[in-house]
Structures are given as structure tokens and as C-alpha cells.
Amino acid sequence: MAARRTRKDDGSNWTVADSRGVYGIRHWGAGYFAINDGGNVEVRPQGADSTPIDLYELVGQLREAGLSLPLLVRFPDILQDRVRKLTGAFDANIERLEYQSRYTALYPIKVNQQEAVVENIIATENVSIGLEAGSKPELMAVLALAPKGGTIVCNGYKDREFIKLALMGQKLGHNVFIVIEKESEVQLVIEEAANVGVQPQVGLRVRLSSLASSKWADTGGEKAKFGLSAAQLLSVVERFRQAGLDQGVRLLHFHMGSQIANLADYQHGFKEAIRYYGELRALGLPVDHIDVGGGLGVDYDGTHSRNASSINYDIDDYAGVVVGMLKEFCDAQGLPHPHIFSESGRALTAHHAVLITQVTDVERHNDDVPKIVDLDEQPEIVRWLAELLGPTDAEMVTETYWRATHYIGDAAAQYADGKISLAQKALAEQCYFAICRRLHNQLKARQRSHRQVLDELNDKLADKYICNFSVFQSLPDTWAIGQVLPILPLHRLGEEPDRRAVLQDLTCDSDGKITQYVDEQSIETSLPVHEVKEGEDYLIGVFLVGAYQEILGDMHNLFGDTDSVNVYQRADGGIYHAGIETHDTIEDMLRYVHLSPEELMTLYRDKVAGAKLTARERNQYLDALRLGLTRSAYLS
């Protein structure tokens, strides 16, 4: 076990249990992630009762196998465990409530289209699982990957070719539903069904008035991009009736948005949605499926709350609401119980992937107490700050902080006015940060009057840990929508994390940093970390990145894909890896933006030939440039 260190607040020894609390891993880990007694993060890919894998040791093994950091590690066993948990929750509620139909989980591949992800999800045994496609490329993929007889739901904007492909899929033996999102799609379905010679299975997506509170609320409600209004719904039904295809209308679909934090919001919208089921049945349509869309969230921050990055319910609660409300409505109306679909892609995939990187550099404030040999000769503002360097009574801690903050503001203004020199400004800043560090050590989070100042000091005193990755490529949602992802060191968790840091990436962009961190059961602006030792590879893991992050990542500054690998666990607890994908090279990235490496080499040769270099230097330069094109954009 790692050496224990002293805790600041009460003098007791720091233990692994303290780190488990600080990083909240029990709350967001969902039984898959924990901190072992040796102070390393472990993963249990087959659930809380399965054999643990030491993640820090695993990274060492993968690096020995030739992989480099940053590294995306996928655990496909987690995918299958998530499928079993989701389908198990619905099946249990169906049995408990005596619901007279069944449930099929749909995986919307837009969440993560990686082959290993899709294949492992649909390979889960003894469950009912289907696929959803929202574009022609996705439809082409699922037509190939779905097992014969498997369910395929087609959403999104559709042209004639899209609809023809979907109908061909039906003739190939798939259970295909074409969901009408826009009135303009109706005529295309009618015409292509005649051309292909098949009775289409149609779904109707309704646009609900109800809105859920989430970062993706705009996907629901009256201003939603997709779905039919009440008037449009009646018009579409009539057009299918006139074409003699109304008996192919088999599915009702709605979507309230992704990551719905509050289950009560979902209940409110679902109450509206199931009214449409009753109305469509009353119109004589044989609707016997209901696709409740997405919304099942992930507790990213572990607070089990209505925070945007959390949920105040679990999978069983969600399944109970869907099954229970449907049964109650159908029984009251004398309607058959419909087959239930849900598109819970985030809940299925988020946990299975971890991004691992290392700290490459540390930038910290100089908060050592300065030695001032000529204090009397310093400007008044410096003398005032120097007076605050001494001991401070406990009851004066916050007052001292506010005074010091006022003084450092004055120092900045005086420098701008030319009243103090650069050296004097630097001395004032060193005094200020030394005061802040000392006061920080006196503050106690348990004392309410200290909390505001403590939060500010945690922010001001945070080190900058430069890490070997790109926020824009690997964690785009943290930048784009302020998504909170759990982050912690992979090792040294038997030691007290005695520093706080903001993680910054390699990009030449001020937004290339992570600004929110899970800290116990709250969100903070900096992360508790350890001081990086000389020559140490200090490894950081970013967890729950399996949903959307890979496919949404962009190439800002031409940082491309990282190394990635799929790690599987055998029945005996042993592991093996497969599906290794190496990082994009600089050459790959240049080609993507239509810069030909061959043309660049020609230009390099011209420049080298025109430079005042020896023959040996020319060869060395050309070799270095040629080799550079084959390297990773990330640091080696």
C-alpha cells in the first residue's frame, strides 16, 4: 500500500477511503470503477461482483505492448453488462406489473458507431436488442450488422434513396420501421413501397408540448427539429389511408431529449405521449409498438440529483415509470399493451470507455514567502501586502483575504499607471500568493463562513497541469456544453492529494482546458491532485467517455485520434486485448486538410537545397522532416 500522509484538517492519517470520498467514485462508478487498497483505480468490466483489473497496471502492460498515451481504453464487457441491466430492468417490471407485451432495447448508433461497440452490444446473449439509424451511412451499417430478423428503426431526415434502402432491408428479413419525421416523407414512402413491392412498416414521430430540463431540451417541445404536430399527424394518417397503407402504421415514437435529469419531467412528457397512442388506435391504426426515445441519463457527477450532469433515478425507476404508466393507461382505455422500444444509447455506452493521459508539465504560482531586504524602500502598496505575511488570527482569516485582494488590485492599477515598476509588481504578486497559500491552510470547509473564500482560493491557487491530449478531439462535450466528466489520478490514491490543479490540453487555444470537476459530491473548478515527482509519469483517467465523445471529436490544431484498444475479460478473470488502433499520424492529419505530404517533401527539399547547409546537414534535415510526418501530433 502507498505511504499514508497527514490530513490537514484534523491531523489524522490519509487513507484510500479518504480518496474514495474525495473523488466520489462510489457514486458515479456504477460498480464498474473503484479504488483498490493499493491506491490504484480498478475496473470491474462485468459488474461489481466480477474480478477487478488494476487500471494503472493495465496501462503499463498496454504501453509495453507498443501503445502510447493518450490512450482510449474500451471495455466491451461493460457494454454487454449495461445491455443486460437495461433489458433486465424492463423485463422485471413487465413481469412484476403483469404487462402483456415485451421490451426491446434499441441502440442508436450515432452515440458511438465504432464497430466493436455496435457488434458487442448486439452480440449480448438472451436479450432483445435492435438498432436505430439516423442517416444513410448509419443505415448502410446497420443493414449489414443487424442479425436477420433484427429490429431496425429509421429516424432522421430521409430522401428517396434512404427510404428505398430501408424497404430493401425489410425484404432482406429485417424488422424495419420507417419513422415519419416530416410530412414530405409520406409520398416517398408510398412511391418506393410500390417500386420495391413491400408493405412498409411505418412509425409516426409526434412533437410533444412537454419539455424536460436538460442540456438537450430543444430536441423536445414545440420548437423541436423533428416530429409531427397534431394537425400534421392527422394529415399523415389520412394520406396513408388514401394510399391503402394505413394498416402498416405500427409504431408511435417521441423523444424528449437526452440526459433527462429529473424523472418527474419524463413522467410529465410520457403522460402526454401515451395519449397519442390511444388516439391513433381510435383512428383504426394497428399501432402495437411505442418507441419512447432517449432520455435515460447517466449520473456523471455522482450526486444523484437534478443537476444537468446527474439523474435523480436509476434504470429500474425509469423502466418502472415506462411500463407502469403504459399499463395503467392501456388498462383504463381497454387497449392492448404495446411492444416497448427505448433508445437509451448514452446509458448503454458511457461507462465502457476511459481516456488515459499523463501530465507533461506543471505551472504553479510562486507562493513561497519572499525575502524582502529593503522593505522600507518599497512602494506603500508592497509594504501593505508584506504586513499581511505574518500570522493571522483564526477569526481574521477571511478579512485578511479581502484586504490582500484589494491591495493586489491596487498594485495592478498602479503598474498600469506607471507608478510602480515591473519588479515591484512581481514582488507584490509574490506577497499576495504567499498570503493566499497561508490563509488557504487555515480555512476549513466545514465552517460556513470560510466556504466562499476557500472556493476562491482553490481557484486562484490551482496549478496548471498540462496533459497530453486535446479537449476538442477526445472530450468535446466538456468544451461545447460544459459536460462534467469524472476525472482522477490512476495511482497514488493512498496519499493525500495535496495540490489542486486545472487540467489543460496541448492545443493552442484558451478553451483547451477542463473547467469543472467532480469533488466529493459537488462540482469544483479544480481537481485535487498530487505533486508530480521528478521523472514520474503521473497518469490521469477521464471516465464515462463512451457516449458521443469519439464521434464528436474534432481536429483542432490537427490533433487526431489517439491510440485505442479493446480490453476483454475472460471467465477466469484474465484479460486480453484486441482491436488496437494506432494514433493518426501528422501525415494523416495533413492529408485530411488536403495538404499532400509528397508535395510538402518537395518543398522541404527546395528549401533545404537553398539553405547554407553542409551535405551532411541537408541529409539530416530531410531525414528529420520525413520522419516528422510519420509521428503523432501528441507528445512522445
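First residue shown is number 1, and so on along the chain.
Here the Cβ of each residue, glycine as well, is placed from N, Cα and C on the backbone.
What Swiss-Prot annotates here:
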BINDING   ILE290, ASP291, VAL292, GLY293, GLY294, GLY295, LEU296, GLY297, VAL298, ASP299, TYR300  substrate binding site
MOD_RES   LYS110  N6-(pyridoxal phosphate)lysine
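When the binding-site residues ILE290, LEU296, VAL298 are compared by the number of other CB atoms within 10 angstroms of each CB, VAL298 has the fewest. Look at TYR300 (substrate binding site): DSSP puts it in coil. Straight-line distance linking the Cα atoms of ILE290 (substrate binding site) and LYS110 (N6-(pyridoxal phosphate)lysine), rounded to a whole number, equals 20 Å.
Residue density at VAL292 (substrate binding site): 27 other Cβ atoms are found within 10 A of its Cβ, drawing on all protein chains shown. In the three-state DSSP reading, ILE290 (substrate binding site) counts as strand. Residue environment of GLY294 (substrate binding site) contains 25 other Cβ atoms, counted within 10 Å of its Cβ in all protein chains. Same-chain residues at least 6 positions away in sequence with a Cβ under 8 Å from that of TYR300 (substrate binding site) are, in sequence order, TRP28, SER309, SER310, ALA350, GLN483, VAL484, LEU485, PRO486, VAL518, LEU544. On a Cα basis, LYS110 (N6-(pyridoxal phosphate)lysine) lies 12 Å away from GLY294 (substrate binding site).
Under the three-state DSSP scheme, the residue listed as 'N6-(pyridoxal phosphate)lysine' falls in the helix class.
When other Cβ atoms within 10 Å of the Cβ of the residue listed as 'N6-(pyridoxal phosphate)lysine' are tallied across all protein chains shown, the result is 19.
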